[in-house]
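This report concerns only the one structure given below.
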Amino acid sequence: MSAHGDPIPMTAHPSGPLSGTAQVPGDKSISHRSLILGALAVGETKVTGLLEGQDVLDTARAMQAFGAEVIQHAPGAWSVHGVGTGGFAEPEDVIDCGNSGTGVRLIMGAMATTPITATFTGDASLRSRPMGRITDPLAGFGTTAVGRRGGRLPMTLTGAADPVPVRYTVPVPSAQVKSAVLLAGLNAPGQTVVIEAEATRDHSERMLRGFGAEISVESAPEGNVITLTGQPELRPQTIVVPRDPSSAAFPVAVGLIVPGSDVLVPGIGLNPTRAGLYTTLQEMGAELSFENMREEGGEPVADLRARFSDAMQGIEVPPERAPSMIDEYPILSVIAAYATGRTVMRGVKELRVKESDRIDAMARGLEACGVRVEEDEDTLIVHGMGPGGVPGGATCASHLDHRIAMSFLCCGLAAQTPVSVDDGGPIATSFPIFEPLMTALGATLTRDST
């Protein structure tokens, strides 16, 4: 359902060629971090291009609850008057993070070494997700956490009064875990060290450095060793948020799979730790080009152009690529359904603990649309049916997951018959303009009466 309402059933109808320019919203990962680091800096941080989806708005409200002044001046233009490292005030009420796993986990890290108590909750999807992967390393600083059985929300954290730095090896590749530990390390004396065997998105490291933290990243036999020196005074910044590569995946996808389409998606952040999908699509033979390559705010940026691709071939996606495209496997599985041959996605068990069990959700939905799918705990295999080969005609469960809902709506635009989702409401968490943006390209999306 929508963040605070009834389900919004939606249907995507087979559409003619899609064309035009798709201005997708600002990057969700960078938007969350801009607000949180701005709240931990001393002075005014200015942000333009902020994603104003429900997830990020929930983080903005949380920063206000912890004592920062967060102001929207115009669409996408915000300022944050920070309280300094260790300056968070104790919230008077429960912190509701809605659907956002990123938001709740980063905020837990940011408050973990300040001697205050806060209670966190979220929607039904977020309350089902495990938080032990965050609270376990935070306990090393001296933070205590009490939640529901299985380490689930609602959960109350009490920050460490006398935090000690930690040395932590991330057991499963996760930028959220890494970032939570680094944010906690900001208010711990000495050096906090995070070791990750596989590189994950590095926005936190880049942005911490930009805000004035002393942070280094070194390669070692065990992986990336990230060292943060605690208790800096973070300097406020002026941030221009690049457009979200995860959101861009949806207009790119329909450009590739709807016959005759030609879609331009400008200003997309192409951080190497986020660009795995686009590398994969090129390997499949997609008509995908990168134009006007440039750097903005320390992040590589380009305009993406996606044209209908009738010669895409299924491939084996290297499992080591998973951290750089973990959010894009749902839409990749749809694109794979319109390729020829098998697309094998291994090393994706992390998908089972996202907003939904995304492996199961995509497998069941694609099967309902007439696509042959195989899965095990760590693998998803899609047997492509070629251009225009997906029968469609199904209603797919979104499981309160924005990416599942958008993926199946994209599927329906290229299928032989319409594809519906039981609830398009969660799309607002990350991509509130998805529906008008797709419609402007020529897509036919309808909201169905319940």
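Each Cβ is built from the backbone N, Cα and C atoms, and glycine gets one as well.
It is 1-26, from the ranges 1-26, 79-104, that Swiss-Prot records as region 'Disordered'. Within 10 Å of the C-beta of LYS354 (3-phosphoshikimate binding site) we count 21 further C-beta atoms, all protein chains included. Cα distances from ARG403 (phosphoenolpyruvate binding site) to the recorded positions SER29, SER174, ASP327, LYS354 are smallest for ASP327. In this structure the residues listed as binding phosphoenolpyruvate are LYS28, GLY101, ARG129, GLN176, ARG358, ARG403; their two most distant Cα atoms lie 19 Å apart. For the binding-site residues ARG33, ARG129, the greatest number of Cβ atoms within 10 Å around a candidate Cβ is found at ARG33. Put plainly, the binding-site residues LYS28, ARG358, ARG403 were compared by Cβ crowding within 10 Å, and the winner is ARG403.
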